[in-house]
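What follows is a set of notes on a single structure, which appears directly below.
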Amino acid sequence: MSSTTPSDKDRVVIFDTTLRDGEQCPGATMTFEEKLNIAAMLDGMGVDVIEAGFPIASDGDFEAVNEIAKRTQNAVVCGLSRAGAKDIDRCAEAIRPAKRGRIHTFLSTSPVHMKYKLQMEPQAVFELVVSSVTRARNHTDDVEWSSEDGTRTEFDFLCRCVEAAIKAGATTINIPDTVGYAVPEEYYDLFKRVRETVPNSDKAVFSVHCHNDLGMAVANSMAGIRAGARQIECTINGIGERAGNAALEEVVMAMRVRNDKLPFWNKIDTTQLTHASKVVSAATSFPVQYNKAIVGRNAFAHESGIHQDGMLKNAQTYEIMLPETVGVKQTSLVMGKHSGRHAFIHKLEEMGHKLAGNQVEDAFVRFKALADRKKHIYDEDIEALIDEGMVSAHDRIKLLSLSVIAGTRGPQRATMKLDVDGVTKIEESEGNGPVDAVFNCIKSLVPHEAKLELYQVHAVTEGTDAQAEVSVRLSQDGRSMTARAADPDTLVASAKAYLGALNKLVMKRQRDVAQGAAAAAAS
């Protein structure tokens, strides 16, 4: 159980929902392997509860939750469930292998949701709250109940549902700001009043879950904690539906840096925050904005002359936390073609990467190839290199070579060689620009109906020899996959990113077909 006790009344449970709410962000779909990798990382950095997915949503979600439940050593593994019996039973089956499992069941309670979404009367909703929590409690003694759209729910009805949920066996009560509508003072008052009004409120841990539609997710989360909540639901980088969720790195560091005003503690190893941000960014192919608090590239950068002067005299003049506390290495060490395997492995360990022997060897080979083309290799280059290796290990379609003829006189022409399931294929195509020519080559070599939804380029580091990092999102048949790739040649990076997204679509389709066949055979 992850509930608080009188001896640790100021401890805040960190409930990470990157793999569930975070993945619901359009285009943020992760592969099975990426989910396992992120879950292991979250467990290792001290997250208390990992919401691993929504088991009833798909066979893929069920499989991921089930496997994470088997592998997780320390954290509670949680699955999300609607209030129906089928949902709850499926969720219970998914988390069954966990050392500590939790069922998180939810039901809308606001007038607008009950009328238009559920099309149910309040009394029927109330009865379903009781029956759903009771059913979940029959499977596990760790049950969380959420009042969806809690901040727009009528107060008396909310209190009635909360009291009934606790009486039915809920050990955690979550009152989410589902649509990001609340302001801090309002959210504080809501938690304070609910806890004072509900007679059995001391029998459960209260939880906050805030969305960022008005940019107040972190502020609202802190307000809820000050009012007595002791669990924060959040995501790495703040990813999530619409404008996202409260960012884990921000709520954790707010408690650490301003402990004088927020006298609470948590178990997160903050030195892993920057690495975690990069891992999730790579898996979702969502770049972290440069000025993102805590983990953005500019979070500890100072360009103003006045600021730089102050920093040189005393870092405390313009920095409220040490970069090292969030895992930012303050070093000017760069690597190049003369760097050996030992130095490379040391650098990987310093950056928080734990790779198997064959993965290290593969990464080192690609590092040396990059070093032959680029004078200085920075940490950002190595991060991009590792990211590419992690997602390309099982690719069915691989880029072997690419040459492009471009200039002021068109048309532009690309010649590409691919390995498709072990078969080498070559094609030459023209296009309205070099990128179009490259993508037309891929379409000729691997015919598909996927639609290009996103094409984005930015430089990994500074300088004319900087690697270009390209993000590509493809969608087909209701599936949407995003991939990133980096290379000193923008066109090569573009081809790799497109192929990365295409490989993800192929793998997703294969997994769905296999699961469908297995389900049909079992029925």
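Even glycines carry a Cβ here, placed using N, Cα and C.
According to Swiss-Prot:
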{"type": "BINDING", "residues": "Asp21, His209, His211, Asn245", "note": "Mn(2+) binding site"}
{"type": "DOMAIN", "residues": "12-274", "note": "domain 'Pyruvate carboxyltransferase'"}
{"type": "REGION", "residues": "398-523", "note": "region 'Regulatory domain'"}
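Sequence features annotated in Swiss-Prot and their locations in the structure.
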| residue | record | CB count, 10 Å |
| --- | --- | --- |
| Asp21 | Mn(2+) binding site | 23 |
| His209 | Mn(2+) binding site | 28 |
| His211 | Mn(2+) binding site | 25 |
| Asn245 | Mn(2+) binding site | 31 |
Residue counts (helix, strand, coil, in that order) that DSSP gives for the region 'Regulatory domain' (398-523):
45 helix, 53 strand, 28 coil
Residues close to Mn(2+) site centre defined by Asp21, His209, His211, Asn245, Cβ within 8 Å:
Thr17, Pro176, Thr178, Cys210, Asn212, Ala217, Glu233, Cys234, Thr235, Gly240, Glu241, Gly244, Ala246
What mean pLDDT score does the domain 'Pyruvate carboxyltransferase' (12-274) have in the model?
97
